[in-house]
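*Asks:* Sharing the feature lines straight out of TrEMBL:
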ACT_SITE  A:E328  active site, proton acceptor
ACT_SITE  A:H329  active site, proton acceptor
BINDING   A:Y130, A:Q192, A:N215  NAD(+) binding site
BINDING   A:S238, A:Q260, A:H263, A:H329, A:D362, A:E416, A:H421  substrate binding site
BINDING   A:Q260, A:H263, A:D362, A:H421  Zn(2+) binding site
2 protein chains.
Amino acid sequence: MLRIITQWTEAKTELRRICDRTHDDQVVHKEATVREVLQAVKRLGDRAVLDYTLEFDHQKIKPEELRVSGSELDAAYQQVSKELLMAIQQARQQIEAFHRQRVPKSWVHFGEDEIVLGKRYTPVDRAGLYIPGGLACYPSTVLMNAVPAKVAQVPRIVMVTPPGKDKVINAAVLVAAQEAGVDEIYRVGGAQAIAALAYGTETIPKVDVITGPGNIYVTLAKKLVYGTVGIDSLAGPSEVLIIADETANPVYIAADLLAQAEHDSMAAAILLTTDSTLARKVVDEVERQLMDHPRRTLTEKAIAHYGLVAIVDSLESAAELSNDFAPEHLELEVDDPWALLQNIRHAGAIFLGSSTPEAVGDYLAGPNHTLPTSGSARYASPLGVETFLKHSSLVQYSPIALQKAANAIDILAKAEGLPSHANSVLFRVRDQLNPET
Amino acid sequence: MLRIITQWTEAKTELRRICDRTHDDQVVHKEATVREVLQAVKRLGDRAVLDYTLEFDHQKIKPEELRVSGSELDAAYQQVSKELLMAIQQARQQIEAFHRQRVPKSWVHFGEDEIVLGKRYTPVDRAGLYIPGGLACYPSTVLMNAVPAKVAQVPRIVMVTPPGKDKVINAAVLVAAQEAGVDEIYRVGGAQAIAALAYGTETIPKVDVITGPGNIYVTLAKKLVYGTVGIDSLAGPSEVLIIADETANPVYIAADLLAQAEHDSMAAAILLTTDSTLARKVVDEVERQLMDHPRRTLTEKAIAHYGLVAIVDSLESAAELSNDFAPEHLELEVDDPWALLQNIRHAGAIFLGSSTPEAVGDYLAGPNHTLPTSGSARYASPLGVETFLKHSSLVQYSPIALQKAANAIDILAKAEGLPSHANSVLFRVRDQLNPET
C-alpha cells in the first residue's frame with residue numbers, strides 16, 4: 001500500500017507531485033462561489049450569513065443565536081471530563097510559556113546629532129480566529145490560535161466556528177476558548193464566516209487579522225479578503241516528512257506516518273531513509289496498524305495517494321529532498337539529529353530524536369501547530385505572537401541632523417524628479433540658517 | 001483647492017473615502033487580464049514574457065537581452081554624477097545600519113527533563129525585487145528592498161524592472177542595485193515580471209518571496225501568486241497624514257503635503273490640526289508652492305481628490321481620526337510629539353517633530369520606506385529583514401519528558417478522535433517502561 005521508491009529522480013518527481021497536491025483545477029469554480037458569498041455578506045450582513053449557514057451547514061439559526069451565549073459557555077464545563085479540562089489547561093500553560101519567549105519589544109536608538117530611530121510594536125485591535133468544525137473537534141487548534149493573540153495583548157479576540165447538528169458547538173472547543181481568553185464566539189463557518197470577520201455584520205465585528213485553518217472554501221475566502229484584513233497563511237492539507245537512519249524504530253515511524261494520514265485523505269506522509277530494511281518494516285507495520293484503525297478508509301486513502309517511502313544513499317541526500325519539499329512537519333529520527341539539522345533549510349517545525357513524535361508538538365510542547373504547508377515553509381513561519389503584532393518605524397531628526405542630511409536628500413529627490421521632497425527639507429534648513437527671515 | 005473641513009462626522013466620512021480610494025470597480029476587469037498573463041508565462045515562459053513586454057511596454061527584446069549585461073552595469077557608473085553615487089552610498093550605509101539592529105536570532109531553550117525548544121531563523125533561498133520604471137526612476141526603492149534582503153543573507157537576490165525607451169534601464173537604478181548587492185537584474189515589468197518570478201522561466205529564476213511596489217497590475221499579480229510564493233504586501237498609492245498644532249510652520253506642512261501628492265494623482269495628503277489659522281495658511285501656501293511645480297497637473301489632481309484639511313478640537317481627536325485611517329506616513333508636527341505618540345496605535349512610519357519631514361525617512365534616515373498603505377497599518381508592518389527570513393520551531397523531548405507528557409497527549413488526541421496521534425506516543429512510552437519487549 002505504502003510505496004517504496006529507490007530511484008533519486010523518481011523520488012524527486014513524486015515529492016513534487018505530492019507537494020503540489022492542492023493545486024487542483026476545481027479551484028477556479030469554487031472561487032466563483034466564494035466571491036459570491038463574500039459579496040453577499042458584505043452587502044447584506046447577518047441575513048446572508050444566516051442564509052448560507054442554512055444552505056451549507058443545514059442549520060437554521062436566528063440572528064440572536066449567532067453568538068454563543070454565556071449559559072452555553074458555562075454549560076460546556078459540565079460536559080467535558082475533569083481529565084480533559086486538566087489536559088487543556090496544561091497545554092494552554094505550555095503553549096503560553098513558549099510564546100512568551102522572545103516576543104518583539106519596542107525600542108529606540110539615540111544616534112549622533114540627536115537623531116532618534118526606533119520601532120514601536122503594538123497589537124492589532126481585533127483578531128478573528130477560524131476554528132474548523134464538522135466531523136472533527138479541535139480544542140488544540142483553539143489554544144494554538146488564541147494563546148498567541150492573548151500574549152500579543154490583542155484587546156478583542158473573536159472566534160468563529162461552524163455549528164454542528166442541532167446548532168451545537170463542541171464543548172471541548174468552548175472550554176478551550178474560555179481557558180485561552182477568547183472574548184466572543186460566533187456560530188458560523190465557511191466562507192461566510194471569513195466574510196463576516198473581514199467586513200463586519202450587525203452582529204459579528206470586523207477584525208484586523210484572521211487566522212486559523214479551514215477547508216478549501218475558507219482558504220479561498222482568506223486569500224480573497226487578504227488586503228482588506230491581514231491573514232496568517234493559506235493552509236493546505238497537513239504533511240509530515242520523516243528522515244530516518246538504521247537506528248530508527250519502524251513501529252514508531254509507522255505510527256507517526258499514520259498520525260499524519262489520519263487527519264485528512266489529502267494528508268501526506270513521507271519517509272526518507274538510508275536503510276532499506278527499515279523501509280520494508282515500516283511498510284509492513286503501517287499495514288498492521290491500519291488494520292483496526294477507526295478511520296481506516298480515510299487514512300488508507302491518504303497513504304495510497306500521498307504516502308511514500310524513498311530509500312536514499314545518505315542523510316545529506318535526504319536533507320536535500322526535504323529542503324525541496326519544505327515540509328510542514330519534519331522528524332529527524334536519526335542517531336545525531338542536531339548534526340543533520342545543519343543541512344535543513346526549510347521546514348515548519350522540526351522534531352529531533354526518537355522520543356519526539358510530532359504529536360508532542362501538536363498538543364503540548366508549546367510551539368505552534370499552525371505551520372506553513374504545501375512548500376510554503378520556503379518563505380513562511382509558524383503562527384505566532386508576531387502574527388498579531390505590527391510595528392511602526394520611529395524617526396526624529398534634530399535641526400543639525402537635518403542640515404547634515406539635506407544635501408544627500410536634495411540630490412536623491414532631484415534624481416527621482418520629486419522637487420517637493422527636496423523643498424520639504426530645504427525650506428526647514430534655510431530657516432534654520434537664516435532664523436530672522 | 002485643498003478643502004477645509006470643520007465637522008467631525010464629515011471628517012470621518014471623508015477620511016474613510018480617501019482610505020478606500022483604491023477599491024475601484026475596474027479591478028475585476030483588470031484581474032482577468034492579469035490571470036491571463038500569469039497563465040501564459042507559466043505555460044510559455046520567456047516567450048510570453050517577451051510578447052507582453054512588446055505589447056505593454058512597446059519594447060522588442062530578445063531572450064538574450066532580458067538579463068542586464070555586465071557591460072551595461074559597468075557603464076551605469078559612468079552615467080551617474082559623483083554626488084549622486086555618494087548620496088546612494090550614504091543612504092545604503094544608513095539603511096543597512098538601521099536594518100542590522102535587532103535582527104531576529106535563532107535560539108534554543110533547555111527546560112526540565114532535558115526538553116529542548118527553540119526557533120531557528122533562516123533566510124529564503126531567493127528573493128525577487130520589483131522596481132517600478134516608466135516615467136520615474138527610484139534608486140531609493142532599490143536600496144529599501146535590496147538592503148534588508150542582503151542583511152537577511154539571502155543567497156540570491158534577483159531584481160526586475162521594466163525597460164524604458166530603447167530598452168534602457170535608468171543608470172541610477174542600476175548603480176543602486178550594484179551598491180546594495182543585487183545579484184542579477186532582468187529587463188521586465190508588469191504582471192509578466194511577477195509571473196516570471198513566481199513560476200520561473202528559461203531565463204528568469206523562480207524565487208521564494210517577491211517584494212516591492214508597483215501599479216495595479218503588479219499588485220493584482222502579487223495577490224494572485226501569493227501562496228505560490230511569499231509577498232511583502234499589496235501596495236496602494238502613497239499617503240501622508242500630518243497632525244499639527246499651533247507651533248507648526250505652514251510652509252513646511254505645505255511642502256510635506258505636496259511631497260506626498262507629487263508621487264501620484266492617487267496619492268493622499270491629509271492635515272489634521274487644532275489651529276484654524278494654521279489650516280488657512282497651509283491652504284494658501286499649498287497654492288503658492290504648486291504654482292511653479294514641475295508636476296503641477298498630477299499634483300493638483302491628487303490634492304483636489306485626496307487632499308484634506310480637518311480642524312479638530314484636540315490632539316486626542318486627531319489621534320483618534322488618524323488611528324481610524326492608519327496612515328502609511330504619519331507626521332507629528334506638534335510641540336510634544338512623544339507625548340502624542342502614546343495615543344497613536346496604527347501607522348507605517350511616524351515622523352516626530354518639526355525637523356523631521358517625511359523625506360528624511362524616504363531616503364536617508366534608515367527605516368524602510370516600503371510601508372503598509374490603504375489602512376493596512378492596522379495589521380501590517382514596514383518591509384524589513386523579517387520579510388526575507390522565516391523560522392522553524394525546534395522540539396526535542398527526552399524519554400522521561402515523553403513519559404510525563406503522555407497522559408495529557410493521550411487524552412487530547414482521543415478527544416479529537418485521532419488514535420494514531422495517541423499511539424505514536426504510547427508505543428514509545430510502552431517500550432521505555434518495558435525495554436525487554
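From the backbone N, Cα and C atoms, a Cβ is placed for every residue, glycine too.
Any TrEMBL annotation is an automated prediction that lacks curation.
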*Asks:* Using a 10 angstroms cut-off on Cβ to Cβ distances, just flag whichever of A:E328, A:D362, A:E416 is the loneliest among these recorded positions.
*Replies:* A:E416
*Asks:* If proximity means a C-beta under 8 angstroms from chain B, which of A:Y130, A:H329, A:H421 count? These are the recorded positions.
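*Replies:* It is A:H421, listed by sequence.
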*Asks:* Enter the number of other CB atoms within 10 angstroms of the CB of A:H329 (active site, proton acceptor).
*Replies:* 27
*Asks:* Need this for a regression test: binding-site residues A:Y130, A:Q192, A:H263, A:E416, A:H421, filtered to those with Cα within 10 Å of A:H329 (active site, proton acceptor). What's left?
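*Replies:* Final answer: none.
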*Asks:* Work out the three-state DSSP category of A:Q192 (NAD(+) binding site).
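*Replies:* A:Q192 (NAD(+) binding site) sits in a helix per DSSP.
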*Asks:* Which residues, sitting 6 or more apart from A:H421 (substrate binding site) on the same chain, put a CB under 8 Å from its CB?
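*Replies:* Set apart from A:H421 (substrate binding site) by at least 6 residues yet with Cβ under 8 Å, we have A:I409, A:A413.
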*Asks:* For the binding-site residues A:S238, A:Q260, work out the Cβ neighbour count at 10 Å and name the residue with the minimum.
*Replies:* A:S238
*Asks:* Could you give the Cα-Cα distance between A:Q260 (substrate binding site) and A:N215 (NAD(+) binding site), in whole Å?
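*Replies:* That comes out at 17 Å between the alpha carbons.
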*Asks:* Just how many other Cβ atoms lie inside 10 Å of the Cβ on A:H263 (substrate binding site)?
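*Replies:* Within a 10 Å radius of the Cβ of A:H263 (substrate binding site) lie 25 other Cβ atoms.
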*Asks:* In whole Å, how far is A:N215 (NAD(+) binding site) from A:E416 (substrate binding site) when you measure between their Cα atoms?
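*Replies:* Counting only the Cα atoms, the answer is 47 Å.
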*Asks:* Inside 10 Å of the Cβ of A:N215 (NAD(+) binding site), count up the other Cβ atoms and send me the figure.
*Replies:* 17
*Asks:* State the three-class DSSP label for A:E416 (substrate binding site), counting H, G and I as helix, E and B as strand, and everything else as coil.
*Replies:* coil
*Asks:* Identify all same-chain residues not among A:Y130, A:Q192, A:N215 whose C-beta atom falls within 8 angstroms of the centroid of the NAD(+) site's C-beta atoms; report them in sequence order.
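*Replies:* Not counting the recorded site residues, we get A:P132, A:V160, A:P162, A:G189, A:G190, A:A191, A:A193, A:I194, A:G214, A:Y217, A:V218, A:A221.
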*Asks:* Just give me the nearest neighbour of A:S238 (substrate binding site) among the recorded positions A:Q192, A:N215, A:E328, Cα to Cα.
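*Replies:* If we rank A:Q192, A:N215, A:E328 by Cα distance to A:S238 (substrate binding site), first place goes to A:E328.
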*Asks:* Including all protein chains displayed, how many Cβ atoms other than that of A:Q192 (NAD(+) binding site) lie within 10 Å of its Cβ?
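*Replies:* There are 30 such Cβ atoms around A:Q192 (NAD(+) binding site).
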